[in-house]
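Trainee: In case it's useful when we look at the structure, here is the feature table from TrEMBL:
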- 5-181: domain 'Formyl transferase N-terminal' (DOMAIN)
- 14, 15, 16: N(1)-(5-phospho-beta-D-ribosyl)glycinamide binding site (BINDING)
- 64, 106: (6R)-10-formyltetrahydrofolate binding site (BINDING)
- 108: active site, proton donor (ACT_SITE)
- 144: site 'Raises pKa of active site His' (SITE)
Ligand code: GRF
């Protein structure tokens, strides 16, 4: 049976993209990587998994709406039903949110609602909290504010450095994200 088609949106390194691709029993086919940063490492990673890449520079568009319309055309051409944001450093606008309502997930390196936005790991580290973590959530028009699907805690030790904490957080992300993707896709199929 054909699997549902998905796109990953990423701007940077792509370790979460890779974790999704490496999952042995992923319940969807990742048919597209959308990237807003020409030259980002994730583009090469996608090529190594033979995933088609769609790279755009938002600065080439007169508005966020126009930029997202271009993406939307591509998503529709490829039959994409689900979008997984994995280090996509942009807030989705109305165009995408409307076309993919409750079909766009994001992973964020903190226990939301704590430490939303950029540098969540650094924010938690500097705040001196004993526990931070990872959140997978549906997106809405806010910054890391959509409905939470799953969270996992990560302890911060007294002898920790920000770099060590980041490594542990990403290790958790790489297991949590594909697992949550699979369970949401499964429950969506049952509905
Ligand atoms: C991850 O920590 C993710 O939680 C955040 O951006 C980072 C992306 O890392 N949204 P990578 O590009 O997947 O390595």
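The backbone N, Cα and C atoms fix where each Cβ goes, and this holds for glycine too.
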Trainee: Report the recorded positions (64, 108, 144) that meet this criterion: Cβ distance to the nearest atom of ligand 1 under 6 Å. Use sequence order and write none if nothing qualifies.
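Mentor: Near ligand 1, sequence order: 108.
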Trainee: Taking the Cα atoms as reference points, how far is residue 14 (N(1)-(5-phospho-beta-D-ribosyl)glycinamide binding site) from the residue listed as 'active site, proton donor' in Å?
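Mentor: So the Cα of the residue listed as 'active site, proton donor' lies 14 Å away from that of residue 14 (N(1)-(5-phospho-beta-D-ribosyl)glycinamide binding site).
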Trainee: Count the other Cβ atoms sitting within 10 Å of the Cβ of residue 16 (N(1)-(5-phospho-beta-D-ribosyl)glycinamide binding site), across every protein chain shown.
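Mentor: By my count, 23.
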Trainee: If you count other Cβ atoms within 10 Å of each one's Cβ, which of the recorded positions 64, 108 has the most?
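Mentor: Buried the deepest by this measure is 108.
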Trainee: Per DSSP, residue 14 (N(1)-(5-phospho-beta-D-ribosyl)glycinamide binding site) is which: helix, strand or coil?
Mentor: coil
Trainee: Can you tell me how many other Cβ atoms are located within 10 Å of the Cβ belonging to residue 14 (N(1)-(5-phospho-beta-D-ribosyl)glycinamide binding site)?
Mentor: 24
Trainee: Using only C-alpha positions, which one of 15, 16, 144 is spatially nearest residue 106 ((6R)-10-formyltetrahydrofolate binding site)? These are the recorded positions in the record.
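Mentor: The smallest Cα gap between residue 106 ((6R)-10-formyltetrahydrofolate binding site) and any of the recorded positions is with 144.
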Trainee: Across the domain 'Formyl transferase N-terminal' (5-181), what does the mean pLDDT come to, as a whole number?
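Mentor: Averaging the confidence scores along the domain 'Formyl transferase N-terminal' (5-181) gives 97.
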Trainee: Show, in sequence order, which residues other than 14, 15, 16 on the same chain lie with their Cβ within 8 Å of the centre of the Cβ atoms of the N(1)-(5-phospho-beta-D-ribosyl)glycinamide site.
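Mentor: Leaving out the recorded residues gives 10, 12, 13, 17, 18, 19, 42, 45, 86, 87, 174.
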Trainee: Could you state the whole-number distance in Å separating the C-alpha atoms of residue 64 ((6R)-10-formyltetrahydrofolate binding site) and residue 144 (site 'Raises pKa of active site His')?
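Mentor: If we compare the Cα positions of residue 64 ((6R)-10-formyltetrahydrofolate binding site) and residue 144 (site 'Raises pKa of active site His'), the gap is 18 Å.
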Trainee: Which one of these binding-site residues, 15, 106, has the sparsest Cβ neighbourhood, judged by other Cβ atoms within 10 angstroms?
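Mentor: Relative to the other binding-site residues in 15, 106, 15 has the fewest Cβ atoms within 10 Å.
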Trainee: Can you tell me how far the Cα of residue 16 (N(1)-(5-phospho-beta-D-ribosyl)glycinamide binding site) sits from the Cα of the residue listed as 'active site, proton donor', in Å?
Mentor: 11
Trainee: In sequence order, what residues of the same chain, 6+ apart, have a Cβ less than 8 Å from the Cβ of residue 144 (site 'Raises pKa of active site His')?
Mentor: 106, 108, 112, 113, 116, 117, 135, 137
Trainee: Determine, from DSSP, whether residue 144 (site 'Raises pKa of active site His') sits in helix, strand or coil.
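Mentor: It is coil.
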